[in-house]
Amino acid sequence: MSTPPTHHVVAHSTPLRSTHLFNPTLVHLHPATELPNQPLAQSVKWSSRRARKARYAPRIHHIHNPELPISLDAKHKLGTAVIRAASVESKLKPHLDADVSFWIAVLFTLGSVVWVVNGFLVLLPIYRSSLNAVSYYRAAAATAFLGGTIFEVGSYLMVVEALNRGRETNFGSSLYSFVHSKADSELHQKHRRSMSEKTVSPDGVEEAGDERWLDDTTSEKKFVWWGKGLWHDIGYDAAYIQLWAATVFWVATITGLPGVIKGFPDNPSVAITDVFYWTPQVVGGSGFMLSAILLMLEVQTRWWKPALSDIGWHIGFWNLVGAVGFMICGAFGYSPLERWVTQSGLSTFWGSWAFLIGSGMQLYEVIWREPTDKKTA
């Protein structure tokens, strides 16, 4: 990441920086020099999570500095360096933008609601033996499969989001192009480019944008649905692990459907049930835990120091609680004892509520963003 000539990096950190495995997740910039007849530049902070979640307004700053003549190519680099680095928390406003980050939050919130319903369906027959257990089991199996499927789609979009940081607003047109032919989507693409082909200088004067940076055929701007792994990006690693864990966990929601495992849940084969039903829950839940921990570490300045002031940390924390619940649900399920069966159902119940809290925060996170204000661009 390049920096403006009037700034220098005073701190860039990742909680696992000593391993040299991950890129910095937090960058602080402050004024390095004070030039005559120039306004004093403000300190800015950049966060990889906020950039990935599109909480910084996607605009280009044109830096005018007569004391430091630079080439057109250098100006372009300087502009892109601060596209998302000039935000302060006080500027955040409610902003509904149906990009990939928004749909991730919606899917996980919807999936969590389905899992909460599943938790009720699992617990009610345990505490009220007079209820028809077979009917509740079928309903619970159906909601588990639905919730697992929604989590699977949401986890995949997390990977897409990590691969397309800075191109989140292209999600709608890219999805349209994926579903329809290129000819049908040409008008949609032209409309999006027309909305982006002007930028605003600090003087408030609109300037024509560079067509190079608006062409969707360029590798830098093209929205991708899958790509080469960004293994040094903590956010990408967390998303990839989340997808892997959701896929494994999804197996349990399939084998839990009526008729898939013969005799389940009353008198199934213990070996088959343990391998294909309970184990995917333990493995998948463990993957959810690891993903949540990485997302918490991404916003921390030290691995041991919680970032209590960052909403991203709280999202990761509640997802971690939910992941623990889903994991020990499978662990308790190995035992045939009634008390552990009850604890297994309870773990699903409170784990689902924890996921719902985290998903609700995630929805709040993607709605409250830095507004696109031409006067401040």
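Every residue gets a Cβ built from N, Cα and C, even glycine.
Keep in mind that TrEMBL annotations are predicted by a computer and have not been checked by a curator.
Feature annotations, courtesy of TrEMBL:
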- 100-127: transmembrane segment (TRANSMEM)
- 139-159: transmembrane segment (TRANSMEM)
- 238-257: transmembrane segment (TRANSMEM)
- 277-297: transmembrane segment (TRANSMEM)
- 317-337: transmembrane segment (TRANSMEM)
- 349-368: transmembrane segment (TRANSMEM)
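Pairs of Cβ atoms less than 8 Å apart link the transmembrane segment (317-337) most often to 277-297, out of 100-127, 277-297, 349-368.
Looking at which of 139-159, 238-257, 277-297, 349-368 has the most CB pairs under 8 Å to the transmembrane segment (100-127), the answer is the stretch 349-368. In this chain, the transmembrane segment (238-257) touches the transmembrane segment (277-297); three or more CB pairs sit within less than 8 A of each other, excluding pairs fewer than 6 residues apart. If you look at the transmembrane segment (238-257), the same-chain residues 6 or more away from its ends with a CB under 8 A from one of its CBs are 141-142, 144-145, 147-149, 151-152, 154-156, 158-159, 161-162, 229, 264, 276-278, 280-281, 283-288, 290-292, 294-295, 298, 326, 330.
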